[in-house]
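First up is the structure itself, then whatever we jot down about it.
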């Protein structure tokens, strides 16, 4: 039986649809991942999704919305405020506006992007204004807030009102400086013109050539120069006259003799720069030479002179502005402003805050200088102030030694020489009379104290000293009289070495030397004498100045006093006074 060849049955259909075949070329594609086997019904038993959700199963790990188009590898939250296009790592917590490279060696990762030192950072003006107001209200209620700290460290910018006031003050000072500069420039210019030497000196050797010399002088004056005629005497030579003219500062000198008059010529001497002498020049050529060199002289020397005048005027104007700023201008009232550093210390002192010793010394020194400046300005404004400069070292030393030696001359015990209240102000005549009577009483007490028994008891070892003290210069007595009490208190050593000038010995007034040691310091205390005259009083010092400057009578009294003190019986406390 012939049977037909059987055909093989068709192969089982591939369960993958179109495009899902196992193509090795497409399997290795980086774009398409490895194929996944899915059931025919499109649903996996372990997949609880709806069959209509066509998303990739890998997206199930990210609980995002289906419209979230970000990369599946970006695990940032939906609520992240950063831009979707920001490709930096999500662990980077920097500000999104910070585009600085972390690989930069100068990059500071701990520095805030909003730091005010960064030029990229600009704070808004309205926010800054409200912040400053809140900060001010907060700090005003703070009991520990230092309101003087931020005022001078420059951290807070000044307000618009203070800036406008500062600009107005600067403009006012600039106008005042210009005005003062013009005034000082004109004043110095007039002084320079008055002190400027003549431009040309015409030296006339013989008086017979006076008319010719005057004609030459007129031609020189027509060139714009100041001319002076000099007629030589028989005692003065021509070379000496030329030397005097050059020393006086004249740039030109023209010599006229009889030969010059005959030949209508002259000798021109140029003194400035390199000295030149042009002998027997014709008059016309001499005028051309003088005019040319005078222009050069004006260009060189007058320009330097103008610069010097401008420099002095500017310096004087600046000094005047500084003085007005310290004193305070007429629109600022009588009191001027203090320096910022001193003003802060004064404010702290006014608020009863703590100040160190150095800060207190700064305030004291500043106030002392300000007081001296005010007193100096007030004394300069007086019509006829009495100058205390003629009082040299000798008169000042005599004033120092006089009160300290007066209780010793009066023969009183030291405890009775306590300072009394200052006498009421009297007239200058009464003060002068008191001072003169004080000198007279000094001579009387010098004679009477030598006969007192208390001094006679200890006068034996001191007679040689009195003569030696009178022969010593006054500088020695001053230096020894101002010795410290630790040296003067050594009674035994002083007595063995021999008494020194100004150091009272052990037998004086019957008291030991250790008790008299503080008496040597009375030169600096300037006590009131027994006559009631306070030598610290300015009127008393003024009367003393008048007596010292005016008088033979005072010098006569002083000579009498020193003659009485030069005797061997004079006590040790009497000093020589040299005026």
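Glycine too: its Cβ is placed from the backbone N, Cα and C atoms.
As annotated by Swiss-Prot, compositional bias 'Basic and acidic residues' applies to 11-62 (among others).
The feature compositional bias 'Basic and acidic residues' is assigned by Swiss-Prot to 68-78 (among others).
Residues or ranges marked as compositional bias 'Basic and acidic residues' in Swiss-Prot: 164-173 (among others).
Residues annotated as compositional bias 'Polar residues' in Swiss-Prot: 395-413 (among others).
Sequence annotations record features per position, and here Swiss-Prot assigns compositional bias 'Low complexity' to 446-457.
Among the features that Swiss-Prot reports, compositional bias 'Polar residues' is placed at 459-485 (among others).
Annotated compositional bias 'Polar residues' per Swiss-Prot: 520-537 (among others), in sequence order.
Positions annotated as N-acetylmethionine by Swiss-Prot, on the basis of a large-scale study or a structure entry: 1.
For 3 (among others), the entry in Swiss-Prot reads phosphothreonine, with the evidence type a large-scale study or a structure entry.
What Swiss-Prot records for 9 (among others) is phosphoserine, and it gives a large-scale study or a structure entry as the kind of evidence.
Per Swiss-Prot, the feature phosphoserine maps to 21 (among others).
Among the features that Swiss-Prot reports, phosphoserine is placed at 24 (among others), with the record citing a large-scale study or a structure entry.
Among the features that Swiss-Prot reports, phosphoserine is placed at 29 (among others), with the record citing a large-scale study or a structure entry.
The phosphoserine feature in Swiss-Prot is assigned to 34 (among others); the stated evidence is a large-scale study or a structure entry.
Under the heading phosphoserine, Swiss-Prot lists 96 (among others).
If you look up Swiss-Prot, you'll see 116 (among others) marked as phosphoserine.
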Same-chain residue ranges lying at least 6 outside the motif 'LXXLL motif' (345-349) that approach it to Cβ under 8 Å: 148, 338, 355, 359, 362-363
Nearest-integer angstrom distance between the alpha carbons (Cα) of residue 274 (phosphothreonine) and residue 379 (phosphothreonine): 50
Residues of the motif 'LXXLL motif' (345-349) by DSSP state, where helix covers H, G and I: 5 helix, 0 strand, 0 coil
Modified residues listed as 274, 378, 379, least Cβ neighbours within 10 Å: 274
Segment-level pLDDT (mean, integer) for the motif 'LXXLL motif' (345-349): 86
